[in-house]
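Report on the following structure.
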Amino acid sequence: MQAAPRAGCGAALLLWIVSSCLCRAWTAPSTSQKCDEPLVSGLPHVAFSSSSSISGSYSPGYAKINKRGGAGGWSPSDSDHYQWLQVDFGNRKQISAIATQGRYSSSDWVTQYRMLYSDTGRNWKPYHQDGNIWAFPGNINSDGVVRHELQHPIIARYVRIVPLDWNGEGRIGLRIEVYGCSYWADVINFDGHVVLPYRFRNKKMKTLKDVIALNFKTSESEGVILHGEGQQGDYITLELKKAKLVLSLNLGSNQLGPIYGHTSVMTGSLLDDHHWHSVVIERQGRSINLTLDRSMQHFRTNGEFDYLDLDYEITFGGIPFSGKPSSSSRKNFKGCMESINYNGVNITDLARRKKLEPSNVGNLSFSCVEPYTVPVFFNATSYLEVPGRLNQDLFSVSFQFRTWNPNGLLVFSHFADNLGNVEIDLTESKVGVHINITQTKMSQIDISSGSGLNDGQWHEVRFLAKENFAILTIDGDEASAVRTNSPLQVKTGEKYFFGGFLNQMNNSSHSVLQPSFQGCMQLIQVDDQLVNLYEVAQRKPGSFANVSIDMCAIIDRCVPNHCEHGGKCSQTWDSFKCTCDETGYSGATCHNSIYEPSCEAYKHLGQTSNYYWIDPDGSGPLGPLKVYCNMTEDKVWTIVSHDLQMQTPVVGYNPEKYSVTQLVYSASMDQISAITDSAEYCEQYVSYFCKMSRLLNTPDGSPYTWWVGKANEKHYYWGGSGPGIQKCACGIERNCTDPKYYCNCDADYKQWRKDAGFLSYKDHLPVSQVVVGDTDRQGSEAKLSVGPLRCQGDRNYWNAASFPNPSSYLHFSTFQGETSADISFYFKTLTPWGVFLENMGKEDFIKLELKSATEVSFSFDVGNGPVEIVVRSPTPLNDDQWHRVTAERNVKQASLQVDRLPQQIRKAPTEGHTRLELYSQLFVGGAGGQQGFLGCIRSLRMNGVTLDLEERAKVTSGFISGCSGHCTSYGTNCENGGKCLERYHGYSCDCSNTAYDGTFCNKDVGAFFEEGMWLRYNFQAPATNARDSSSRVDNAPDQQNSHPDLAQEEIRFSFSTTKAPCILLYISSFTTDFLAVLVKPTGSLQIRYNLGGTREPYNIDVDHRNMANGQPHSVNITRHEKTIFLKLDHYPSVSYHLPSSSDTLFNSPKSLFLGKVIETGKIDQEIHKYNTPGFTGCLSRVQFNQIAPLKAALRQTNASAHVHIQGELVESNCGASPLTLSPMSSATDPWHLDHLDSASADFPYNPGQGQAIRNGVNRNSAIIGGVIAVVIFTILCTLVFLIRYMFRHKGTYHTNEAKGAESAESADAAIMNNDPNFTETIDESKKEWLI
């Protein structure tokens, strides 16, 4: 438990350093001594042995490097894969390198070999590298020496070399040298009963830092290695569970509170192989490093305490019996330990000198006792034949096996006298027995037992059969044994085949049901007799093929786990597979995020404002988070919510303790930091409502209130101010209520006051905590509001550099992507070649380049030889358009994709090097005299980290920061006539000459018209304000200054109405020319043209449908001289022709009217007839040539002075959804949420600290909000009935009422004028109420 102050931290640090040194000093040579001594050259002949020799002059004793004794080296009698050369060093050595040479001056040499090692000359272990049983490249001639440094040193007394391949024109010939140094360590043997305690001098041990190191080996899968506990609930336990290492730790829990300190971490696998494994536990407070066999796992303990409090002792080898359930339910350790060090104390040395008293009954010895089991290792082409006793009426076989494969043949044997056969196999992870009978009507008896037996653990199988009876038992569980009493006659045969069966070798026509077994077996018994595998190895009796006796070389390919981001690893014998479901990632190793890195990226995929999952660091460790992307402006806002309600009352303050308000965000602080770091600008609104509650205590006092931001730093400024300035917004603007103070609240008034504003220094954001004081006085009150974090822009997405000449390059630090690497970027160029990037190692390298105008190449070498993947494009890539390149390489495969072309994939070899080892700097744009890249690269990300090309270009001579020409690639995103404008970071769409609004000029701009309302657009702006809302009609300007005559025009608009007849659009002139679009009493559409030259206007009647049906309709009218094209909704365009006598010019256009025509002079009778009472409904997208009258009325544009409005114009989209870029299909769109409630769609990923809050609102808030919604709905329903009663005679169109409706011209105007919170436009697609 943590209770004491931090006294003694210096001593603890010294202990940390000393113990770290000591724990290594007992197990390794001094760091000043290079471990590279030749270990073979001085050995006598008797230290060498081999499988065979041609003769005495070829004996293994002559296999010393650079020696010519005898025949010049060792050569076996037969050159096959069963030969080996063995060296005994006399005692254990630390081995760091190996070298080989062929037999002197001959054609005999080995080209590939394996190295096995052992402490006893039994139970051999093959040398592993990069997760595989390693095959060393050998010699290419007889006298050259080939030396290999081991990737990690090994400790062994015996080394065995097994030739895999040799010179085809000669035979096996070998001379060797092994390099290393002496090794010594104290060893203790634990028999499973004895426990070794180390008792503390003061009966207690309170530590902030610990270092515990030891080596162990065992053939048991369960057992406690060390244990310590304290009376306050602290404990530490290191134990084996199912042959995996488990560290359990508790630094303290609070029984009465929410603090739960138990932490458990599992690592390793197959640790019951009776080979040495090293463990180091390093603890500093709650930070833990657990290292097993050079693989380190870092984690932090649960809870809030830092000290480990142990009482009396720490024990090794088990838990002393204390009467507690935990002490009797766990098995003690059975095996060997060496070099046990606890915080600098050499436990093994104390035990050897009898300074420690073992507890429990048992034997403690100081030499390692080896097991008597002999394992045998099978591969896909192996089998083991052992003899049996012929013609016995009892068939009995038992063995233990371990494997990763769910299927495989375990045992096969024929009965004597052709009675049938028995096959025992593994089928879908169960053991099955199939007895084929040839003498009875029943042809086969099948029984099975067990489940999940391909988990890599040892499992025991016992099968017994006799007349009319058989029983199958798994793992000694007699209660679950499977029996059968089917008719059966048994006479045992003379051969038993384990692991495989070859028909052609045994004159059998029987086909086994399963493929050969891949795994290990041991303790094989046939006819109740233990099989002597050493005799089988000498083929007396029995035989075998491709098996390794006295070795179990099973590999756990899921340790270490190459499946990233929580992917689940499953394996077979020679491969593994990652399941990435519900992780948010994809790919062979769950490396690639399925989400975009930012809202900016979603915008350019055509998405609209909504909730999205983003992954700011891509393939990095942070994971995805859910944010709201607001895309209604040119720059996208990313909004991260939290759980604090607006105007939350501040309670709980007293003079001794401040009130602390903690904000819980819908993402972790690391995730939010990734957003703020990449954003161009961030802000967060804060407000403090106060009544006799001071805020910052300005001008000179200590602040009563502060907020905590990123990195847990306190800040003493408020919204609207900046860092280092203890002021509020009013203090900056000098308009505080009392000018003596810098905050309104600091004046300490008894009336409610407010200090509010935006915090915009993004390096301090987000606000994670607000600490409030000064609310304890009589009458003091305060309310706190903190808005969501809002960030704008994405510096990473447009981060770019221009490469002005082929010899230019940018350099960065070495790329770290040993086992997993992903690279993505955009490029554009006019040249057909160039190196994008390159990083070199001693032999390894990685390179991406444009090889030709249509080819992109990804090449690399991890030690297995160069690999190149090429994507070929059907169209040139040097077209000055942006193209995206994505390359990935991991231990499973490598891939390359360009744009949306098919991805090219190359599988990695099942054996070989897997680590990409690079040493040089990373060069972007080419280096080393190669053909450099000429063009532009942007958004270069490597393993989730964006390289800052812009900043590096600024400090590199000859470079241009940023890129131009974005419109060449993205200009098509600007729709409806919008113009693409280049920006330093990207581009924008200019919608000023369109009837649309929004980022891509795809948002409708429309308005709702009530009866009698109208809009006039004068083609020449008058001198006075044309937007005066009076009903005055200005006199026409001088005709000489009117709009020029038109030989062609285009009119586009959308409308919806339920009233007919009405005028939709009317264009007048200073002559008699006009153009009108109207709805007739029947609801049909009519276009009337009068260009002069005809007695009557030319009419186009569209009679095939009722247009006054309340649905939105789009109209496009285009005239070129006498030809008119009309397109209505989705119908095909229809052409019409004006009479031959008609003029071709629209003379002197004057004004454009919407809703109603208010014009002086003579008006066409048909127009006059339909002009009353006027249009009621919605108009949008109205455009006449380059003029958008509605947009000019609703937006402050240069044309706004031309507009005059009668009535209150209320914006609406007329029920039409805004146009968007062509969306991706839902099948390929991982962020597609349309099938869910976008505000509540939850991804099953927990991004760190607790469960993510839906849209930043917790469950309690949702319940409160639901109750409030029900109350409001009830009130609104009551109001609707009251309004229906009060206005039952008026019959006009209404939307929601608001205060001040009596003085407003409409209910909608009342909402706009009186409700400051009203920000949404009226959506006519919603249900309309006719009152």
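Residue numbers in this text run from 1 along the chain shown.
A Cβ is built for glycine as well, from the same backbone N, Cα and C atoms used for every other residue.
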Whichever of CYS980, CYS989, CYS991 is disulfide-bonded to CYS967 when Swiss-Prot is consulted: CYS980
ASN506, ASN1317 - residue that Swiss-Prot labels as N-linked glycosylation site: ASN506
Bond partner of CYS590 - disulfide, per Swiss-Prot - picked from CYS569, CYS580: CYS580
Per Swiss-Prot, the disulfide partner of CYS520, chosen from CYS552, CYS558: CYS552
Alpha-carbon distance [CYS552 (disulfide bond); CYS336 (disulfide bond)] in Å: 19
CYS963 (disulfide bond): tally of other CB atoms within 10 A of its CB: 26
Closest of CYS578, CYS580, CYS1001 to CYS181 (disulfide bond), Cα positions, disulfide-bonded residues only: CYS578
Rounded inter-Cα distance in Å - CYS936 (disulfide bond), CYS1178 (disulfide bond): 47
Number of other Cβ atoms within 10 Å of the Cβ of CYS1214 (disulfide bond) across all protein chains: 25
Residue among disulfide-bonded residues CYS181, CYS936 with least C-beta crowding, 10 angstrom cut-off: CYS181
Entries of CYS520, CYS563, CYS578, CYS967, CYS1214 which, being disulfide-bonded residues, have CA atoms within 10 angstroms of CYS590 (disulfide bond): CYS563, CYS578
Helix, strand and coil counts within the domain 'EGF-like 2' (963-1002) (DSSP): 7 helix, 12 strand, 21 coil
Rounded Cα-Cα span from CYS1001 (disulfide bond) to CYS1178 (disulfide bond), Å: 20
Neighbour tally for CYS1001 (disulfide bond), based on other Cβ positions within 10 Å of its Cβ: 23
Alpha-carbon spacing, CYS974 (disulfide bond) to CYS1001 (disulfide bond), which is rounded to whole Å: 6
Proximal residue to CYS1214 (disulfide bond) among disulfide-bonded residues CYS368, CYS558, CYS963, CYS991 (C-alpha distance): CYS991
Separation of alpha carbons, CYS558 (disulfide bond) and CYS520 (disulfide bond) (Å): 18
